[in-house]
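Among the features that TrEMBL reports, transmembrane segment is placed at B:39-58, B:96-119, B:125-145, B:166-186, B:192-214.
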Amino acid sequence: MLAAGDNPNPLLPPGYDIFWSAVCFVLVGLLFWKFVLPIFQRVLDERTDKIEGGIARAEKAQQEAKETLEQYQAQLAEARAEAARIRDDARAEGDQIIEEMRTRAQEESARIVAQGQAQLDAQRAQIVAELRADLGRMSIDLASRVIGESLEDEARRRGTVDRFLDELDSVSAPASK
Amino acid sequence: MLAAVLAAGDGEGFHAPGIEEFYPGALLFEGTIFEINRIMLVRFVMVALLALFFILALRRAKLVPRGLQNVAEYFLDFVRLHIAEEILGKGAARRFLPILTTFFFMITALNLAGVIPLLNIAGTSLIGTPLVLAIVAWIVFNYAGIKAQGFGPYMKSNLLPSGVPLYMAPIIVPVEFVSTFILRPFALTVRLLANMMAGHLILVLFFSATNFMFVEAGSALLAPVGVLTLGAGFAFTLFEILVAVLQAYIFTLLAAVYIDLASHAEH
């Protein structure tokens, strides 16, 4: 065992201890300052970039999707409006066609009715004329037979018959109307 | 028991390890400032291993870390997040990260040499390294304070905190001066040095005692005691691994705290 006097004081550093400690410190310091930490920082920054870039890309994609959706919805609304417009047009056109046809049909029916009326009037006039002639002759025949002689005087005869028929007309006309 | 052991040893006896443990014979340049002994070699080996580890881990650093890079990033992140950013905040942390990281890994590496077979002594168990690191820490925190506040205000906020009446100055100023500018680096140095010296002495004590019980004592009666000392030595080896990292953490954390205190006028 060393004598007590030979024991160095552990708190008093020998020169070589300080020297080599400083050398080691400088080496380790340079290692971290110049090599380790720049790489570490670069990797960390790259990682941050990557994550932030990923988030930005996701946001962009979402934005694009939203825009596309809006575009589709706008197109859909436009198409709906178009369809509604076409339907309205068709309905209006249909209404117009129906209206036209109704008008035409009414005109046609009015024409037919008018034609029928005219025909009827003509027939009636014809029948009345015929009946009037027939009735005159038959009345004269009847009267001749009743009185047993034929009336000679044409003029008298015609006047009598006309007077009779006028009386007949004035009696029957209100009844026929 | 010790008496029995010493008695059994008869001639040579058992040598408890002493301070001479830390002053092994010179290997090169004896008597000069470049003297290299076993502890200096241990330091060189640990610095080389530290450099090798980080060069291998980060040589081809990838965005997605694999293997060693994961391990290296885990440790670097520990210093960055749990020491630098937690104490200093994000902005200042980036400025002081190189020095804090250097403190942490240099101390951890040199401390761990104490439990690595064949090296078996911490590079920090000699005062040089703790002292150099504490002086660097002292320079850095004073630089940070003077840069942040200017020399006058920095000295004033340290020596005569605001709110202290002027007539107290003759007492407060010397006390504050000693506490801030002398005791801080001294405490940093001694805390680390004493922990590593004590750890080394305990390990040497247990393992040399084990050797003595098994081999030199030449008595079967002492073998069970040897088993006991071997177990204790193993337990303290594990404990020394914890202490190695813990002391590096404490030193780095305190350096960060001193930088933070110096950077802000009020404290």
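A Cβ is built for glycine as well, from the same backbone N, Cα and C atoms used for every other residue.
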Of B:39-58, B:96-119, B:166-186, whichever stretch has the most CB pairs under 8 A to the transmembrane segment (B:125-145): B:96-119
Non-local residues, at least 6 beyond the ends, that sit with Cβ under 8 Å of the transmembrane segment (B:166-186): 134-135, 137-138, 141-142, 158-160, 254, 258
Tertiary contacts of the transmembrane segment (B:96-119), as residues 6+ beyond its ends and Cβ separation under 8 Å: 42-43, 45-47, 49-50, 75-76, 79-80, 83-84, 88, 125, 129, 133, 136-137, 140, 144, 192, 196, 199-200, 203, 237, 240-241, 243-245, 247-249, 251-252, 255-256, 259
Contacting positions for the transmembrane segment (B:39-58) when only residues 6+ beyond its ends and CB under 8 Å are counted: 22, 24, 27, 68-69, 71-72, 105-106, 109-110, 112-113, 119, 121-123, 125-126, 129
